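Take a look at the structure below.
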Amino acid sequence: MQQINSVFKEAMAGISKKALAAEWLLGSPAAEIGRLWRILRASFIVPLLRISLYVCLLMSTMLLIEWLYIGGVVLYVKMFGRKPERKYKWEAVEDGSETGSAAFPMVLVQIPLFNEKEVYKLSIGAACSLSWPADRLLIQVVDGSTDILIKDMVEKECMKWASRGINIIHQTRETREGYKAGALNEGLNYDYVKECEYVAIFDADFQPKPDFLRRALPFLTHNQDIALVQARWRFDSKKCLWIYFTAEQEAGSTVHAFFGFNGSAGIWRIAAINEAGGWDDRTTAEDMDLAVRAALKGWKLVYVGDLEVKSELPSTLKAFRSQQHRWSCGPCNLFGKVVMDVIKSKKVSLWKKVYMIYNFFFVRKIVGHTCIFFSYCLVLPLTILIPEVNVPKGGAVFIPCIIAAINSILATPRSLHLVFLWILFENVMSLHLTKAIVTGLLGTKNANEWIITEKIGDSTKNKTNNEPVAPEKPRSEVLRDRHHLYDRGIWLDRNIVPRGYQQQQQQQKKRNSLAYVHKGVKL
């Protein structure tokens, strides 16, 4: 051992510091690093990137086929006028002089509210203006607001309409258990609801036209196998430019009598809800969950595209991001819970099972956003740095252009000038939505977080001099909300309470109280 050490010292003594510096400058270490990089690149990076590229091309092809299928169905409906009124029996409900209002079925209208200060008047007023006999209509405002002042304002609004002869009930909740699903389920369990055959559901920012029930109810009254009639959401906000597509629902309703319930602007047969097991809060996609379970029981769902209900688009990027996170995470989480139920169902045909699992869940809810993120944000940019990987022009250019064109045409020709901005926006949002999809598929503890989507309503038109004005947000908070960060909204998961949540709630109540005192409202 001593001999080895002595030999090593002699060898090191023969190498001067100048020689080491010269060898480094001559590039021997750099050449060695370059050689290792070429080996790693040829044996690992290039094959991995090729495989990733093939997977992305496969996903893009799946999306192309799906949108060609959807576009074909929509084109068929438009060209041949295959409206639901022609496919199903539909006869208008006539006012009979002899029977009076007995010809009209008893309808329950549910309006779930949670601190909806800016829009509660819009939804309650629209529901109370529905063209339906007063003695055959029951409006139930399920109010789970935690702000006592807002809850008092909602109660006074209900009393105002009740004084005009409207059959309206302000039903309060003492707990937030189950969130919206819990509120709707609780509302159906009261004794005074047992006389109702159907239930129409409108979120706080939805305003149905007076003829909504007269146009939607005949599908249910004349077709005993229909469980749901879904209306089209119409967005009328001048401050928002987001494009929402209804082609998927129209295609699913036309061919398979199945689609995902939107959670609002729809009317259900209460017997179908009960047979499907009622509302379930196991995911944040409780509306889609109910639609799937009803379909597995053999019920049909109908989408009426020309029956529109006015709604509100998220007015800020933060609100839109929160909404899209819930809409992406919830369905993926639900997919893992219902896939075996779909496979084992005996009341659903094999063709419909394939559609529900492959088209409805896998391609549209999972492949769609993950393809955008991995293909156009990761894999294709990396191929520029790795020239050994050849990218087919069809997969990189033609397929994305065709998909974008179909989406734009199905949306509205007036939005063609926004296609480029829409593509950029979709790429920006893909990272956030891919994270939501992975969260939902893995079923992590964050999968059931519920972030309230902020609504602004029509503040300037609907406020009176006696109503309090909400305090403005600090400028620092406004600037922070403009950045694309992970959601910092109101978390209402049973097991998740963010740091400082209680303090934020107390500060908000204090600001509200000061606003009310400033306006002279007695507390």
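For all residues, glycine too, the Cβ spot is worked out from N, Cα and C.
As written in TrEMBL, here are the features:
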- 51-77: transmembrane segment (TRANSMEM)
- 198-382: domain 'Glycosyltransferase 2-like' (DOMAIN)
- 366-385: transmembrane segment (TRANSMEM)
- 397-425: transmembrane segment (TRANSMEM)
Short question: which residues 6 or more past the ends of the transmembrane segment (51-77) have a Cβ under 8 Å from it?
83, 247-248, 250-251, 254-255, 359, 363-364, 367-368, 370-371, 374-375, 378-380, 383, 389, 391-392, 395, 399-400, 402-403, 406-407, 409-410
Can you work out which residues elsewhere in the same chain, 6+ from the ends of the transmembrane segment (366-385), have a Cβ less than 8 Å from its Cβ atoms?
49, 52-53, 55-56, 59-60, 62-63, 328, 332, 335, 391, 396, 400, 426-427, 429-431, 433-434, 437, 441
On the 0 to 100 pLDDT scale, where does the domain 'Glycosyltransferase 2-like' (198-382) sit on average?
89
